[in-house]
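A.B. asks: From TrEMBL, here are the annotated features:
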- B:28-48: transmembrane segment (TRANSMEM)
- B:60-79: transmembrane segment (TRANSMEM)
- B:100-124: transmembrane segment (TRANSMEM)
- B:136-159: transmembrane segment (TRANSMEM)
- B:166-187: transmembrane segment (TRANSMEM)
- B:199-218: transmembrane segment (TRANSMEM)
Amino acid sequence: MLWRILIFVWLSVWMVVALLFAPQVPVLHETTRVLYFHIPAAWIAVLALGWGMLHSVLYLVKRDLNHDDQAAAAAELGVLFTVVATVSGSLWAKRMWGSYWNWDPRETSIFFVLILYIAYLALRGSIEGDEKRARLSAIYSAIAFVAVPFLMFVVPRMYEGLHPDPIINNRGKVDMDPLIRICFFMMLIGFTALYFWLQTLRVRVTRLERRRELARGI
Amino acid sequence: MPNGGSNSAVAVWSVLRKECRTEWRTRYGLNAALLFAVASLTAVSFAAGRLGNRTDIMAALFWIVLLFATLASMSHAFVREVEARTMLLLRLVATPTEIAVGKLLFNLLFLLVIEAVTVPLFMVLMGAPPVRWGQFLAVLGLGTVSLAASSTLVGAVIAQTRGRGALFAGVSLPLLLPVLAAAVGGTREMWAANSVAPSLKLLGAYAVALLAASLLLYDHLWED
């Protein structure tokens, strides 16, 4: 309960500061503000992917269904945040680049992450039995874990990049207005807290559902 | 286990032989796969016509045909066992890893047969310019290993699901996208007379990574 209020207040305050008081970047103008929403969402999309894969591997090692619940919740929330990042980025791209979709390396990568999540969830949906579902989807998640770094390496060679590097530029240092930077990192922290809160909620719901099914079985 | 290695090799060899024999009896899977490869090849060549010097497009189309043939046919090595209800019997006589490695080798062989038909046909139908065979076969070989490794693992997983074959293509695709990208890149560079080394390195590394991860995961495929 306390967490919920804290996250709500935190995100609201920084959203207001980011939308009203943070300065604009010259070329980007008002579209600068997508930064506070889009990048944290994309970060969570990747974080959830890593979190899910970690728990999939842990499940294979320990055979504890809690790990599978974590992996499943991460995938579901991952879809949500990936869609948020993709849609907000796409709208921004329409304004700045003139089209919604350009197969820019990052667009391609996030698209890949999205189909990976969807394939994983489709696979989960087609397996009967908790243990079996957990085991087979963990195998898939683990093998997908091998594919991700390769794709991250392959993609930039295939497509030309348009995507800006506002956080870490070519000179390798943070190059932002101080207030933009503060807002951005505060939103990043807020989104991360939001994600982990949603994650625990989802896992708790899964556990309750399992208990209900067990009770029905008896 | 002093004889563990050779025993496993014998088991893998018997699984491979059994696969080849059952396939050869009906040739159902092979016929279907070949027919599908030729059909998609025909569709591609009807749709694109003769591309002449557009070797970049040709490289892409070539790998799309191979990818589709893989997605359409490669799940059957395991699905067949489940449908014939022979999976349990097979598991009585061999360990999961032995079964999976045997099936992997069979899938590799299966793909090579498909390629032996598709590659010449593609080159002729599409009017492809001369191929530098050494480089082309290296790209093709490494790509094939990755396709077979991914299909074997995903095929084994998919055979235990409710939809069986239906999900195979969708679930395989994310794993095959790096192969597709690197193999198309290599084939394009081969025709453009550039170095294929970067693509080969990528394909080789991916094939090794997939095989290594598969060997670790095969043990978890079945459980009682």
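Glycine residues also receive a Cβ, built from the backbone N, Cα and C atoms like all the rest.
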A.B. asks: Hey, does the transmembrane segment (B:60-79) touch the transmembrane segment (B:166-187), meaning at least 3 C-beta pairs closer than 8 angstroms, sequence gap 6 or more?
C.D. replies: yes
A.B. asks: Who are the chain neighbours of the transmembrane segment (B:28-48) in space, where the CB to CB distance is under 8 Å and they lie at least 6 residues beyond its ends?
C.D. replies: 57, 61, 64-66, 68-69, 72-74, 76-77, 80, 110, 113-114, 117-118, 121-122, 125-126
A.B. asks: Between B:100-124, B:136-159, B:199-218, who has the most Cβ pairs under 8 Å to the transmembrane segment (B:60-79)?
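C.D. replies: Going through each listed stretch, the top one turns out to be B:136-159.
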A.B. asks: Could you give the residue numbers and ranges of same-chain residues that sit at least 6 residues beyond the transmembrane segment (B:199-218) on either side and whose C-beta is under 8 angstroms from one of its C-beta atoms?
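C.D. replies: Result: 96-97, 100-101, 104, 138-139, 142-143, 145-146, 149-150, 152-153, 156, 175, 178-179, 182-183, 185-186, 189.
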